[in-house]
Structure formats: C-alpha cells, structure tokens
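Visitor: According to TrEMBL, the protein has these features:
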REGION    395-414  region 'Disordered'
TRANSMEM  27-49  transmembrane segment
TRANSMEM  70-89  transmembrane segment
TRANSMEM  123-145  transmembrane segment
TRANSMEM  157-180  transmembrane segment
TRANSMEM  200-226  transmembrane segment
TRANSMEM  247-272  transmembrane segment
TRANSMEM  292-318  transmembrane segment
Amino acid sequence: MASPRLETFCCPNRDAATEFAVSFQPVLFGALSLGSAALSLMFAVLQVLPKRKGYRRLGQYPLPRPASSSRILFIISICDILGCTGIIVRSSVWLGLPSIVEGISVTNNTDVSPEAFCVGSAMWIQLFFSASFWWTFCYAVDVFLVVKTSAGISTIVLYHMITWGLAVLLCVEGVAMLYYPSISDCEQGLQHAVPHYITTYAPMLLVLIANPVFFSRTVSAVTSLLKGRQGIYTENERRLANEIKIRFFKIMLVFFVCWAPNIINECLLFYLEMQPDVTDNSLRDIRNAALTTWFIMGILNPMQAFLNTLAFHGWTGWDVDLNPQRSRELAWDSGSTSVPNTAGQNPVVGTTLLYQSHVQEVQKNTIGNGQQHSDAISVLSEGSESSTVEIHISSELQGDVDADGESLENSVRH
C-alpha cells in the first residue's frame, strides 16, 4: 500500500494516530496487502507480455508511432508493477521477520537496518506510484494535444523530464522534511509532517481534478474531428467516439476506486491526530472508519497495476508469445491489426474502423490534415476492448476495403 503513514511509522517517536492504524492487526493487514499485490503483479505482467494474435500486429509496415500516448500507457503499467513489487517485498519481510518491525519502534537503537529497510521500501513504493500519477496526468495532456495539435513522439522526452523529475524531487523533499533532524528522533508536531503529506497527495489530487477536464475536452474535440472528416456524423463515428469516452471513464474509475480511500483515510487520521486522546470513547466511530479505509487501501492500492491494464486495453488474453524475434512488438502497440503487403505495393489507403465481429469500410480521406486526424483517433482508440483503429499510408494504391471479417482473415493468412 502507498501511504505516507507507513513512512511516518519508520520514526520511533511516531504520532498516536499513525501508531493506532499501523499497529492494528499488522499480520492480517500485511497478508492482505501481500496477496493483493501478488495477484495484481501476476496479471499485470501477463497483460503486458506480447500476444500471438488478436492483440498485436499481424504484419509490419514502416509507420512510426503517431504520438507518445501508447508509450505512456506502457510506462504507467511499468511504474505500477514496480510499486507492487515494493509492496510485496515489504509485506513479505514484515511478515517473515517480525523483529524488523520491532526494531523500528526501539528509540536510539544502534542497529539502523530496520529503519533503513523501512525508509527504503516506503520511498520505493511512493516514488513509483507517484510517478504513475504524474504519467497518468501526462497521458491526459498528451491525448488532448494529439487531437488538437498532432503532438508527436518527441514529446515523450519532455514527459520523462517532468514526471521523473517531479516524482524524485517531491519524494526526497518530503522524506527529508519528515525525518528531520534524524530518523531516530523525528521532530514532533502535525505542522512538521504536513509537507510530506502534501508532496504525496498533490499528484493524486491533480489527476482527480485535472484529468476529467482534459478527457472531457478531448472527447469534444474528437467528436468535432469525426464530424469534419466526412461532413456527417454516422453511426460508425458515433460508436467510435463513445468507445473513446468509455475508455477515459474506465481510466478515471480505476484511479478513483484505488486511491479515493487514501484521501478519506488520511482525513480521518488527521482528525484523530488533532485530538488529545485517540482512544477516547467518543471517537469510536472515527476509529472504526479509519481502520476500515486502512484495510481497503491495503487491498485496492496494489490492484491498480492490473485494473489499469484492463482500463487501457481490456483483457489481452492468455496466448502469450515469447518468441524473441517478435518480442519488440509489445502488447501496447496492439490496437491495430495491419495486413501485410504481399503484392509488393504500398499499404491500403485510408482509415479502417474495426469492431468486434464487424468490419466496416470508412470513406477514404487524404485531403488536408486527414492523416493527422487518423493518427489522433488511432492513439485514442488503440487497445479498446471492442474497437480498434487501423492506420495505413499510401500514395498510390486505390481500392476498396473488404467489409467482410472473413475476407480480412484470408488476406492476412495469405
């Protein structure tokens, strides 16, 4: 679980509210966190592995990725996986070596290894989940820019600088403030810990507030884009716009479900921390609510790794392809199914919208910035559970696209 309370727990002279939450049924809490993180890690890794068919290109064509959005989704999943790995290691050590936890609570202990492991594991978890938050924000910005300005893959360098720079800076600054003047004698007072909690929850709140705004504006821009491509808004365009809207909704739903308990729990623990006596009988309901949300956090926080992959690309299946020659084709580049050019000609002109069990031709449009619009829609709908977009480039070949799914399979097979 990613909570600043676990970093506060590394101080032997921790506050009463943190002691109350972390010390309640630690074995049960550790087991739940370990099980949730292990399950999420296993399925998330399964999701990112390349697949033999259906979720990767069947052929190759010389088309660079139109924007950095697909890479951002992959990086978010890697950050979530690394965060889950930290939770697994920490929970395993705390369950298997209870002396580590006991050593953390000893004031002026000469053995610094318990505190070092506590701080190191907590910083690892916070760093990668914080980076996941920043990358999620960058994804919302990027898909908006792709539609409005056709931002290219070169922006990924800027996103790396922003996300990793802010994640490392805020993590180090928050921990330095928390453990001042030393980890064995942290300074007391709620005001002293506030900067650490702000650096932890600022990127989370940014995603919860800003991402829906960017997603909403992106959907509006896509709707206008689809109408302008043919001058009409057909059922195909309406269905594709709806798929994009649902995909954005799934991303925000997963984020809210996994991290809203953290905000609620932190508010409750802050309220308890401001009380003179945490064990006062009048605070019983607050304590119960804090413990309930604490255990919910331990289960839902690690599940973000797997749930995010479902929101991004749906279930990619069990048919893993471990062929080293095709290992470069990651599942995240899998939203489109491209037909190989067997006749020595350039690929087919236009944009083809593929739906489950239904392949329909879209009128070809290569005038003006039509390719930019196609690339933008490709990025937004790529990996959708029930719709994908296939992009082809050509300057010569003209012809019809077969609307029969069986004919498409035959052309791939040959």
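Placed from the backbone N, Cα and C atoms, the Cβ positions cover glycine too.
So that I understand the layout, could you describe where these features sit and how close they are to other parts?
Guide: Residues 1, 74, 77-78, 80-81, 84-85, 87-88, 91-92, 94-95, 294-295, 298-310, 313, 315-316, 318, 320-322, 330-332 of the same chain, all 6+ positions outside the transmembrane segment (27-49), place their C-beta atoms under 8 angstroms from a C-beta of that stretch.
Distant neighbours of the transmembrane segment (157-180): 4, 7-8, 10-11, 68, 72, 119, 123, 126-127, 130-131, 134-135, 138, 142, 186-187, 192-193, 195-200, 202-203; these residues of the same chain sit at least 6 beyond its ends, with a Cβ under 8 Å from one of its Cβ atoms.
Distant neighbours of the transmembrane segment (200-226): 4, 126, 130, 133-134, 136-137, 140-141, 143-144, 147-148, 166-167, 170, 174, 233, 237, 240-241, 244-245, 248, 251-252, 255-256, 259, 262-263, 266, 373, 376-377, 380; these residues of the same chain sit at least 6 beyond its ends, with a Cβ under 8 Å from one of its Cβ atoms.
Residues of the same chain lying 6 or more positions beyond the ends of the transmembrane segment (247-272) and with a Cβ under 8 Å from any Cβ of it are 2-5, 16-18, 20-21, 136, 139, 190, 197, 201, 204-205, 207-208, 211-212, 215, 218-219, 278, 283, 286-287, 289-290, 293-294, 296-297, 300-301, 303-304, 307-308, 310-312, 380-381, 384.
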